[in-house]
Structures are given as structure tokens and as C-alpha cells.
Amino acid sequence: MDLLRSHLHKVRIPEPGSRIHKDECCVSFDTPRSEGGLYVDMTSFLGFGREHVAWNYEKSGNPVYLHIVQRRKPEPDDEADRPLKKPTLLAIGVEGGFTDQEPEYDEAFEIVILPEFTSLPFPSIDLPEKVRIAVDKVILAESADRKQQLASWVADKKKVSAHAMDLKQLDNGVIVPPTGWKCSKCDKTENLWLNLTDGMILCGRRLWDGSGGNNHAIEHYEQTKYPLAVKLGTITADLEAADVFSYPEDDSVEDPLLAQHLSHFGIDFSSLQKTEMTTAERELDHNTNYDWNRIQESGKDAELLYGPGYTGLVNLGNSCYMASVMQVMFSTHPFISRYFEKQSLKAAFAIAPADPTLDLNMQMTKLAHGMLSGKYSVPNQEGQEGIHPRMFKTVIAAKHPEFSSMRQQDALDFFLHLIDQVDQANTGNHELNPFTGFKFFIEERLQCPSGKVSYNKRSDYILSLNIPLHEATNKEQLEAFHEKKAAMDLDGKEVSNEEIVRPRVPLEACLASFSGAEEVPEFYSTALNSKTTAIKTAGFKTFPDYLVLQMRKFVMEAGWVPKKLDVYVDVPDIIDISHMRSKGIQPGEELLPEGASGDNKAEPVHPVASEDIVSQLASMGFNYLHCQKAAISTSNTGVEEAMNWLLSHMDDPDINDPISKDSQAAEQTVDETSVQTLVSFGFQEDVARKALAASGGNIERATDWIFSHPEAFSSVPTDSSTSNMEDDDAHIPDGSGRYKLMAFVSHMGTSTHCGHYVAHVLKDGRWVIFNDSKVAASVDLPKDMGYLYFFQRI
């Protein structure tokens, strides 16, 4: 007790804003449930496992700790026999959502003084008052991890519609019957929506897979601008469960006056029975059925795997996109070497700042040792407990509002964000940066009708590939299937999953579509001093150690409806892309002049909108001036880009201002952070600004825009880019173009922002599935269903 009193000046009483790490060690995945319990530093409130607390004492000199030990309570017999409820909500840990059946634990505390690990019981009236108050506050406080988790699990809580309180309803005598509904414009009897202004009953949107309605409800809104509709079949005595959609807000909303709005059309909601799924329930149903069985290898008698390199990552709530990418990364030599073999936990902690929970190097090292040591990959009743990568997620998502949310994200977006963060943390040190081996250069060759050429170089970390469906190898079976499906549709029958025939496209065809000749319209030729059509080809200037391929499975259909291609890609175990190497400027080739001669320069750029784009947008009901601005701001790239810009700038204060003659107006609205992100990928700043302006500020779309508009590079002299590569990029690897498949990430669901991701990795000569915390030997490898493929150079 005297020893404790001598250290009272080191004991802090937590304040309301204090970050208290009492759930997990900041340098390992030890918790109060681990064998040695957890030690909370009563000065910094950082938590440490038994093996690591002495490191903190050596570094900080803080001697007083609260030792927390949790032991699992035995489960009552009736608890084990209770059946699980089917979820009805895309949420975790809330009523109707996926249950998180955590067992209960007994908790014990004591005060421990280092370096001798002298212990004092707690609670005890003999302890100094300051210690009692400080410890009580630590025990009662929400932990830093828990505060992170308190973000809403529900995808998005419905908001009250801005159109609900003063909704105009027509006195047109329409009375809606309680049953027997049919679309007013077609024969659809399901997925019907009642417009709350005029009482029209119309079918919903056509979905990407051809199901749903015929778009009559939304077409009616575009003609009339009547804003709210309710889905028939979801109206019951519980009006909160009814599915109300706002077209101008483009979201499911809450209508506090729904009872009044329904009674206007003679609807007695208290007598109606639920017959249709709500939008949220449909999304849940799609998410729990679409290709899940195949990709997750459900129903297979798989051997569960344990030990070093076979540690699962617990889903923190829609964090499978992160888990699948990190499982692949820590199966590659650069990541294993950088954060595991060549850096110990103690070394990372020694160089970490005062709060190691916010240090990327520390948390990457912690994750590496957690996944690769085997310490946390041991059998238990559920298979294996796995580790919770909460601190890593907090650090890696700190500067990204989407990744710090609980919503599902695109695994490709996360992979690119990870590259950016790791690159920043290892600036100028290419040997330490594990992504150096992933970087490569693409060289694009442009030839105009004059016969003169230009060569442009860009760096990248992924090769994004279109899937040419016309190259399918099973065309006869597809034709037979479509004929059968058409006949069954006429009979009102549905095709079962087992009967569906999907196109099979070879990976070779996807690679060929990238490197093949492509026309570039509206290319300004400095040799001809006019716009013309150029021919573009592309090839690898360097081959990386690790080649990452993204399959572009998400496309926009007519009507700008996002569609996921229902397609298999046949990917061989070994590929040879040596023929895709760019040969550079050839003898006899003449380069295009860098600029036009004399006064005959490129056409002056004035903000003139494409009438074709403007008319198409205006026909959808958008303001004509707004449509002009959207076309100009996206450099007349296309209707899809213009509409994306329009939807994200509807509330701009200057949206109704006259169009400025300043050709740079679009660039001024570009987010500087996004510009720097694209620059870090190897693009020139002026090209990055132009691409972001043309894609509504979306980084992924901007990257696609650059790839499809190589003329944007034409102002960059070839000679200077070549010399820069020799001087600044000598660290970029190059070698053979032969690769073997070592991992792939698969996605199931209707969009990259919903559904689920899993990873398959080739380890120790066999394929392994990493499905969150489940790690097992692959039985039926879904190699043809990948979204991201990772190849290692042979």
C-alpha cells in the first residue's frame, strides 16, 4: 500500500473524453479473456497483455495498472437448445437483425504495480480514494473500442420525407380496393406502388437481372413529379413497416401522415395483411441467397484449418471487404517480410508515438503477428474465435468517411486506399514499402491518320479488365437456355438456379480486350492541327512481382440501371502475358509534335455543352440549365458521367447561376484530397483534375475515365516521362511475364456496396477459403467467380 501511495501522482482520473482501452491490448490481440488477462495503464489508459505490459513500463515509466480478468460462465442447458431466429433486417445486434450471441463472462479486478507485479485487491476500502475513483471510472466508462462499435449497425435509418407534411393529394375520386391490384399500364400484379398524390397503381423498377417491374411507377413520377409512393402489400396495422419511397430524394423514407394519405383513397390500413417484401427485406433476401452457396462453399464438408497463417478475422459489421483483402496481403512475401519477419511487436511499439492505437505501422505489425503467429488460431466450440481487427480498421479508415462507417464497401476501393495509406507511411523508402512489388507501368501508343505516333506512360497497381461477353465459349448452350427461359416465361414459370446457364469467358479474352487496338474519337492531332480519330494500343512497360486483375462485373444498362454481369471467367492457374510487353518507339516511327506550329493552336476551349447529352438528361425531367452545367463540368464525356455530376451537385448554391465562360470552372470544384490521391497513383495533376471533373469527383470513375481517354496525356512530352522513369522509378520491379494464381477475392450480392466478400488463397500447396473468422480447406473452388485476382510472378 505504501508503494501504491508513492506512485499516486502517476494515477489519472479519466475525464469524459478519455479513450480507455480496456477491451484489447494495443500491441497484440490479447484481451481480458486471454490467459494473462489485460493490464490497463492508469496514466495513459492503454491496455496491454501479460507479455507486453513490461514493455510499456520500460518505455513510459508508468507503474500502476488495473488488471482485468474475464472467465466464461457456463451456459444454461435451455440456451443451447433455443433455435435461431431468421433475420429480417440488414443489421447486426438489433431487433430483427443478425444476432451476436455473445456468451456471458465473470469479471475480476486487482491493482498491479510494476516492475515486480505487486498486486492489491480491488475493490478494497484500504485503497487510496484517488485510486478507487479512477478505477471505478475506468470500469464504468465505455471503452474506446465500444465507442467505435456504437455507430449504427443498420444500413441507414429512414428519414422523414421533406415532401410528406405538405403532400398534395388530388380529389379525383380514386378509391383503392383492398385486394386484386394490377399495374395500370401492364399486367404486373406484384411489386406494385401506389402514388400518394393521384392514386395511380404502377409497377416498380426493372432490376439488373430482369426481375422486378417495368419502370412504370418511376416513369409516372418523371412525367408528373408526384413525389411519394407506397408499396402495396407492405401496408399493415403497423404503418412504420410500410415501404414508402420518395423519388426526388431517391430513398426509402418515413411518412408521418401515411394513415391520412391512405384514407384519402379509401384505404383502411388496419384490415390489410402483409403480402409483399419491403425493399430492405428484398435486399436482405438477395444478399443471403445470390451465389452465396457457391462462393462460400456452403454445404461442403470442409476441413477447418488452424495455426500460423490460418487465423480468421471476425466480421466487425460489414467489414468482410477489409478482411478478404488483408488475408491476401498477408499471404504475400512483401507484407510477411515487412510487418512480421523483419519487425517484432516490441520494435514497432518502441518507435510508435505516445498512442500506438493510432499508429499505422504499429497496427499493421499487430495485425501481421495476430494473423501469422498462430497464437489466436486454435480450435474451440465454434471452430476458431479469430481476431477482431478493430484498432487496424480505426487507423486505416481514419481519413476516409466511408471505410470508418459500418456500411459495406467495395473491396477494390479499400485495396486502393490501403495502397495510398501504406505508401504515405513509407514515403521515399521503397525498400520498406510492401506495395513496391505491386506497381507497374503501362505504355500507351497513339497513332493518328498522319502516321505519326505518341507514347504515354502511366503507373498503376491494378489492371482493370472489361469482360467481353461476345467471346463466351458456350454460345450454343446460352442460346438454348434463353429459348427455354423465354418459353417458361410465357407459361409463367421460373427457371431454377440449377438450370441457369451463364456465359463463360476466358481470361485471355479479357486481357486481349485491354491490349487490342481501340479507336479514340475527337483526338486533337498536333500533326494535322485538327481533331481526328486515333488508334490506341496499350502494353506493359514493366511486369510487377504481383499482378492484380479486377474484373469489371458492374456495368450500366440502358436507363442507367446498374447491372452485375452474371458471368463466369475461366482463369487458368498459370498465365503468360509476355506478349503484352510494350516495345516502345520503333525505328522509322515519327513522334507527333509536342504543340501546333505558329498561331494555329488547338481549338480554344469554351464551355459548350453537348446537345445530345443535355437533351437526354432534360427528357428525364432535369432542369435544362442544370443539364448544360453537368455536360460542361464532365467535359461532355457522356450521359452517365453528367448524371452522376448532376445528382451530386443538385444542392450547390450556384446551381442556378448563368454558365460562366471560364473553362476552368469545373476544375475549381474538384476536391484537393481526391486530386492528390490520383497523383499518388502516378497520374499528372492536370490530368487528375480533368478526370475528377469529368466523373463527379468519384476517384474510381476518374481512374476509369483516364484509362479510356489517353488523349488526356498528350500534353506530356514522351522524352521527359522516359527520363523520369529512369531517374525516379528505378525501384519498380520488372521481369518475366509468367504468373501463377495465388489468391482471389469473390463478391456475392447485387452491388459492391452490399452482399459479402470472401478470399481464397493458395497456401502450402492447397486452396484455403477465408470467410471472416472461418478458415477451411477449399473443396469446390469457385475460381471462375472472382472479382479481384492476385497473381505472383514465377
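A Cβ is built for glycine as well, from the same backbone N, Cα and C atoms used for every other residue.
What TrEMBL says about a protein is an automatic prediction, not a curated fact.
Database features, via TrEMBL:
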ACT_SITE  Cys320  active site, nucleophile
ACT_SITE  His756  active site, proton acceptor
BINDING   Cys183, Cys186, Cys203, His216  Zn(2+) binding site
DOMAIN    159-269  domain 'UBP-type'
DOMAIN    311-794  domain 'USP'
DOMAIN    608-649  domain 'UBA'
DOMAIN    669-709  domain 'UBA'
| Nearest to Cys320 (active site, nucleophile) in three-dimensional space, by Cα, is which of the recorded positions Cys183, Cys186, Cys203, His216, His756? | His756
| field | Those recorded positions listed as Cys183, Cys186, Cys320, and which of them has the most Cβ atoms within 10 Å of its own Cβ | value | Cys320
| Other residues with Cβ within 8 Å of the Cβ centroid of Cys183, Cys186, Cys203, His216 at the Zn(2+) site? | Ser184, Lys185, Asp187, Lys188, Leu192, Leu202, Gly213, Asn214, Ala217
| said: When you rank Cys183, Cys186, Cys203, His216 by Cα distance to His756 (active site, proton acceptor), which of the binding-site residues ends up on top as the closest? | reply: Cys203
| query | Around His756 (active site, proton acceptor), how many other CB atoms lie within 10 A of its CB? | reply | 23
